[in-house]
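Trainee: Got a structure here, written out as structure tokens. Questions coming.
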Amino acid sequence: MIKAIIGKIIGTRNDRWIKQYKKKVLAINTLEPTYEKMSDTELQNAFEELKKRVRSVEKDLQEKTLLEVLPESFAITREASKRVLNMCHFDVQLIGGMVLNDGKIAEMKTGEGKTLVATLAVALNAMKGESVYVVTVNDYLAHRDSKEMEPLYHFLGYSVGTITASVRDDDERLEIYSKDIVYGTNNEFGFDYLRDNMKYSLEHKVQKSHAFAIVDEVDSILIDEARTPLIISGPVNRRMENYNKADEVAKSMQVEVDFTIDEKNRAILITEEGIKKAENLFGVDNLYKIENATLSHHLDQALKANYLFFIDKDYIVANNEVVIVDEFTGRLSEGRRFSEGLHQALEAKEGVSIKEESQTLADITFQNYFRMFSKLSGMTGTAQTEATEFLEIYNLEVVSIPTNLAIKRKDLNDLIYKSEKEKFDAVILKIKELHDKGQPVLVGTASIEKSETLHALLKKERIPHTVLNAKQHTKEAEIIKDAGLKGAVTIATNMAGRGVDIKLTDEIKELGGLYIIGTERHESRRIDNQLRGRSGRQGDPGVSQFYLSLEDNLLRIFGSDRIKGVMEKLGLKDGEHIESKLVTRAVENAQKKVENLHFESRKHLLEYDDVANEQRKSVYKFRDELLDVNYDISVKIAENREYALNQIFSKLKAFDNQNLSKEELLGLKNILKEDFNTNIELENLEQADSIENFVAEKLKNDYENKMKALDSEQRSRIERIVYLQILDNAWREHLYTMDNLKTGINLRGYNQKDPLVEYKKESYNLFLELIEDIKVEAIKTFSKIQFENEQDSSDAERYLDNFSEEREHESVTYRHEEALDEDLNAAIKVFSKTPKRNEPCPCGSGKKYKDCCAKSGPKKGLFAK
């Protein structure tokens, strides 16, 4: 109350920002007559002078210089836009551009021209000479926006590229990223970052810097998709029959007898009766013994798949595959899979082909990817409801930009019915009334299942209509564009079609504009506001209203008791509804509860990912050092050798150079032979003044002699590549261990321990082990590298050039996989893990290992003895 009164007196924080920006708008507008008089060449030259001014100062002063040249830059960009695009930036769009340049989120209503607004901040920040990324939610918008704005950028002397999933060639991607301005989707940018950190050459890395990014539909990308990490992964061998068996067991279990469902937290709890039944059906005496951990995990996922996830709501089945439906957009999430075996459980449930589970090779959340940028900003029509999260997680403030024209849309109170049937009957009557009148209507549903229900009812009433859900996603833009035609009836799942304007003719405006009907409140108020926002663009008339029932998930789970009590007191008959601000407020309170749950969930995910992120940054930084041709890796190898030997000597009891028994010396001799491929006579160890110094010098000399066959450049490249391979393999195993740690860490809570604190402690210890393992494994591998003296440089080059990077769509969340050349991969594995005597020899001879390289070592190649 007090806050509201103060706000009215001195204005809100948002009001004060807008007031400051309006002063700068005046400065920009005063420059307009000057630039209008210039020829195209003069205008372009003026812009080039601004670029030179920005690039001439030190990097840490460039941001300050951008603010100084902002009025001129914005004025020139606006004038260029008028000439090239025949579009003029309104004053409110200039404000939006300044908000973006300040690293904030510009909340701009639908139809206010966000695509054009972005050009102001993009053109200004590209002056620094580093690529500016414009991030969109799908390939269609990335391609459309870049092509529409490209003539303007070209006029200003900038190059433009677009990264989409269809760009498969690495050289082409490298070329696109070299452009001044790059448009693309959040997935493509994120995956390219991960792929960059699997490359074996700095020149092949596509993302050279993370200077400035503008995220369109920022709420969708940074909020809705924040819980879905990007993962590059490889297959893990699991027995496929376990999924089917777990599915059979799950389907035989009864709700409230064998398990209970917690809908609020989307969890399933197995009862004692359920555990006994499962043990009997699996044929085990204790489901939770360590050897049965896989079975219990499969059962948990099978229960979730059968009782918490529903076809045509959470996923669809198409082409013998289970395809996820994005809960926020209603779009199909092609290539994305549920993790931890849930997707396989769904495949078993639906009787389609079961694909392998996978091991994480590289991963990152959108939260940590976008927080890498020196400056980040965003645009959306709906951000204020999530302003706290944007500020806490991303340090992004939200500024609501005034509309160019006043909003004329009428947002009516919700209508609430007792049952879903009564609600849909009322919706059909309203649609029929509007259709007969000729007024277009857009109907929003919460799932494919509900859109199909409405489709059947409209078909029965013979009302022509179009359905837009995940099954028709390829026609999305065309369907949404036509939603404003006379008599059009369009059913859309959630807010599929974001980014596409629904334009109205004068005739439609006379009829009252686009009528929005929401058939269910979403868990997030923001999604509801997006649906409303499809109507009333740029001062157009329009109406929005939600039709709800007590059987809707939101009201049933979170908030219907109070509303149900009101309806019972009123004694409403079948088909009657209640409509009041009190009820609408109760619904919004229920939504706030859910929003808070989701916020805490995303925050919780980030707290865990922050732990891994610090480790990821350390590993990737070291990786870049190894890729640098100027990095002296010989120093690192010498350090590793010293460390590995210290580890060995520290384990020898009572070690003080000469107090080792003959047995201990023999043990040391065997270790040096087995781990480092170094032969030292026992008598030499016995006679050495300092065993430690003697062994260290021997290992060093042996290694130097082995590497004489190579020139310095070849040696450096091979050492770096082999070290990178060791690092990558160790990092992948570390990620696998971290995944397992995270999976079971919440159980620590039962022991009165904070799972997050425990996770931080154990992951830190695991990281220390990772560093130690890399050092020891590196020196073991390097000690076994050998070139035959007669081997020429072309042979070495052949091995070096055999590194190929292949991208494949795999079977986990947004998965792509990259593979190294099998020959070198296998060669490294030969000596990092010695084969058993009766296993096939890895050299490819076809003989058993004991009859081949176990005797004499590999006959050829990098690792020949």
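Cβ atoms here come from the backbone N, Cα and C positions, even for glycine.
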Trainee: For the ATP site that Swiss-Prot describes with GLN93, GLY111, GLU112, GLY113, LYS114, THR115, which of these is also annotated: ASP436, ASP482, ASP501?
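Mentor: When Swiss-Prot describes the ATP site, the candidate it includes is ASP501.
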Trainee: Sequence gap of 6 or more, Cβ distance under 8 Å: name the residues on the same chain that satisfy this around GLU112 (ATP binding site), in order along the sequence.
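Mentor: The answer is VAL92, GLN93, GLY96, GLY381, ILE401, THR403, ASN404, ARG537, GLN538.
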Trainee: For the recorded ATP site, whose residues are GLN93, GLY111, GLU112, GLY113, LYS114, THR115, ASP501, find every other residue on that chain with a C-beta no more than 8 angstroms from the centre of their C-beta atoms, and list them by sequence position.
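Mentor: Here the non-site neighbours turn out to be MET108, THR110, LEU116, VAL117.
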Trainee: Among GLN93, GLY111, GLU112, GLY113, LYS114, THR115, ASP501, listed as contacts of ATP, what is the widest Cα spread in Å, to the nearest whole number?
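Mentor: With GLN93, GLY111, GLU112, GLY113, LYS114, THR115, ASP501 as the binding residues for ATP, the largest Cα distance is 17 Å.
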Trainee: Which of these binding-site residues has the least crowded Cβ, counting other Cβ atoms within 10 Å: GLN93, THR115?
Mentor: THR115
Trainee: Which one of these binding-site residues has the most other Cβ atoms within 10 Å of its own Cβ: GLY111, GLY113?
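Mentor: The residue with the most neighbouring Cβ atoms within 10 Å is GLY111.
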Trainee: Could you say which of the binding-site residues LYS114, ASP501 has its Cβ with the most other Cβ atoms inside 10 Å?
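Mentor: Answer returned by the neighbour count: LYS114.
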